[in-house]
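Database features (TrEMBL):
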- 1-22: signal peptide (SIGNAL)
- 61-93: repeat 'ANK' (REPEAT)
- 137-170: repeat 'ANK' (REPEAT)
- 171-203: repeat 'ANK' (REPEAT)
- 204-236: repeat 'ANK' (REPEAT)
- 237-279: repeat 'ANK' (REPEAT)
């Protein structure tokens, strides 16, 4: 949320009066500019810029005015800073650019800035922001956008600018895998329509379908299966998606069937091979038994030929 204009105005007036007397502190001006940018106070930003506040100034925590304004979706402030030559590719200590921070946004429960973030992304892309820039962990703006339910419009903007749909982060996760991991079916539909490889693998050999199964996301599992996701694809351990349903942690305990049961039913209805074995010769039934997933055990026993 924006702080009131007056909250920032008094210290800014003090800074400006000191500047008029030749006592200005450029560090203080830069700090105030970053603070005003974070809270979307465009009028204060204008005053500080007029006083020659450094638009590339660091607030001491590694953030620049442009990156914090972008992160909070303050498009008007972003526009002002870009007009004054703020570096669109300046990076944080974690390697984030303004574009990445605009896509990533703030805390997951703060969604009021979504419209501003979309406009911010448009401004940054118009200034030539690199859509393939990666954080230190390898995330691109596209992969991050796929994680977020409220950024399908941003996904469209990034793809229209030629963002690599198959780019991977440091663990080999693609945008489609990220969407499947978060059950973001709207993003999945868009990415698949744009040609995302449904059988792409991460460093463990996992596919988007495996991500969805592991998180018990029935909607994503159903969607990926309808789009031809390979039921019998195996990860580096030789395990299929059915193994994921059988062996992943059961947060429901003995209270009753959870979403993993529905996921198992979906896989079996599509003809998943119950008797497939991993590299250690184990079947999904054996894994379900070890995981005390009694409901899955019943389903698998009914389908098993052994």
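Each Cβ is built from the backbone N, Cα and C atoms, and glycine gets one as well.
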Long-range Cβ neighbours of the repeat 'ANK' (61-93) (under 8 Å; 6 or more residues past either end): 33-34, 36-42, 45-46, 49, 55, 99, 101-102, 104-106, 113-120, 123-124, 127-130, 133
Stretch-averaged pLDDT - the repeat 'ANK' (137-170): 95
Secondary structure composition of the repeat 'ANK' (61-93) [DSSP: H/G/I, E/B, coil]: 16 helix, 0 strand, 17 coil
Helix, strand and coil totals (DSSP H, G, I; E, B; other) for the repeat 'ANK' (137-170): 16 helix, 1 strand, 17 coil
